[in-house]
Amino acid sequence: MSEKIAVLGAGSWGSILANVLDGNGHDVRLWSYNPKQVEELNTQHTNSHYIKDFTFSPSLVAYSDLASALVDVDAILFVVPTKAVRAVAGQVSEILQKTGLQPQLIHASKGIEQKTYKRISQILAEEIPATNRKSVTVLSGPSHAEDVARKDITLITAASESPDAAKYTQKLFMTSYFRVYTNSDVIGVEIGAALKNIIALGAGALHGLGYGDNAKAALMTRGLAEISRLATSFGADPMTFIGLSGVGDVIVTATSSNSRNWRAGDELGRGEALDDVINHMGMVIEGLATTKAAYELSQERGVSMPITEAIYQVIYKGKDIRQAISDLMQREGRSEF
Ligand SMILES: NC(=O)C1=CN([C@@H]2O[C@H](COP(=O)(O)OP(=O)(O)OC[C@H]3O[C@@H](n4cnc5c(N)ncnc54)[C@H](O)[C@@H]3O)[C@@H](O)[C@H]2O)C=CC1
Ligand SMILES: O=C(CO)COP(=O)(O)O
């Protein structure tokens with residue numbers, strides 16, 4: 001199987017997923033809105049700001065013109081930050097309406113839209129009419145770009161309401177070091193993917209403050225419990241949270257210094273100012289915006305999410321982190337389940 005695939009977003013994840021697809025023999029067009037990055041990718045075959053010490057195959061071609069990247073595509077993979085998904089999908093939609101193409105849509109972004117609280121697959125389905133696409137599939141799981149770049153073993157899930165679309169995505173990506181499962185719980189997979197970044201921020205903060213393993217295990221476990229509570233209120237399958245996009249992604253992001261969310265939390269825990277943390281990261285820290293969306297959503301739906309609320313208070317209301325932890329610990333005793 002050799003497909004024509006446009007990968008939109010050439011950050012660390014988009015460029016490394018494009019590299020997996022290129023290695024599998026597909027015709028891959030990597031689009032970036034940054035012409036300097038496109039030039040670097042096409043002349044030096046590197047993407048130095050996002051992936052250090054990595055050289056791409058010359059067969060991977062980068063584009064700054066979106067319409068050229070979409071010529072005759074069979075599939076489009078969206079990997080831009082959440083805040084850019086709607087605008088990029090709108091541009092894609094205009095081009096697809098002119099060309100009459102009907103590609104499969106896949107995304108690998110992890111977040112929830114501000115104010116609308118929409119999941120990424122909902123945004124894509126809203127912006128791109130059903131006549132200009134096939135199904136929408138989400139690719140998600142514990143997968144740092146840095147590990148995939150060095151072909152470390154990675155397991156991930158492809159979730160779609162269409163079993164055929166999930167299988168199609170599985171086939172596109174499967175290779176010796178990158179194993180893809182299929183899944184039908186789009187809601188659970190997307191909410192798990194987005195909200196684990198809040199827990200990663202918290203775990204980094206605990207580390208920065210000097211807390212130990214018990215505290216981190218507690219945060220991950222109770223964090224997953226509240227993610228599951230919110231997601232099941234939308235109809236997600238509780239089993240999803242013992243899967244790759246649940247506990248799997250919580251483990252990888254809440255324990256690894258590869259995670260930008262973990263690193264941001266660690267720096268906040270060490271007392272750095274939020275603006276400084278954002279400025280020197282130079283890459284997307286999805287958990288910051290997701291904390292706000294998830295907190296507001298939990299209030300709107302009456303779902304108890306005390307950890308998310310505590311992190312929201314720290315990030316958006318300037319609450320002292322130690323005070324937030326102390327308040328969490330002093331909540332009234334209750335039953336675990
Ligand atoms: N880095 C990783 O290991 C993983 C990242 N993800 C998710 O993938 C998504 C993208 O993350 P990364 O590649 O890591 O981000 P990044 O910060 O490394 O790169 C973001 C890319 O998006 C582009 N971009 C930013 N604003 C844009 C806009 N308005 N229009 C078009 N392009 C724009 C940037 O130029 C850059 O190329 C996020 O939702 C993230 O949570 C998911 C799994 C793993
Ligand atoms: O989602 C990820 C790994 O599964 C990447 O997490 P960060 O965005 O925190 O780096």
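Glycine too: its Cβ is placed from the backbone N, Cα and C atoms.
In TrEMBL, annotation is done automatically, which means it is predicted and not curated.
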Listed by TrEMBL with Ser12, Trp13, Lys110, Ala145, Arg260, Val284, Glu286 as binding NADPH, from among Tyr50, Tyr63, Tyr181, is Tyr50
Cross-ref TrEMBL: sn-glycerol 3-phosphate site Lys110, Gly141, Ser143, Lys196, Ser259, Arg260, Asn261; candidate in list Asp185, Asp249 matching that site is Asp249
Rounded to a whole number of Å, the separation of the Cα atoms of Ser143 (sn-glycerol 3-phosphate binding site) and Ser12 (NADPH binding site) comes to 11
Apart from the site residues Ser12, Trp13, Tyr50, Lys110, Ala145, Arg260, Val284, Glu286, the 8 Å Cβ neighbourhood of the NADPH centroid comprises Gly11, Pro81, Met283
Among the binding-site residues Ser12, Asp249, Arg260, Val284, the ones with a Cβ under 6 Å from any atom of ligand 1 are Ser12, Val284
Over the domain 'Glycerol-3-phosphate dehydrogenase NAD-dependent N-terminal' (4-165) the mean pLDDT stands at 98
Listed in sequence order, the binding-site residues from Ser12, Tyr50, Ala145, Lys196, Asn261, Val284 whose CB sits under 6 Å from ligand 2 are Asn261
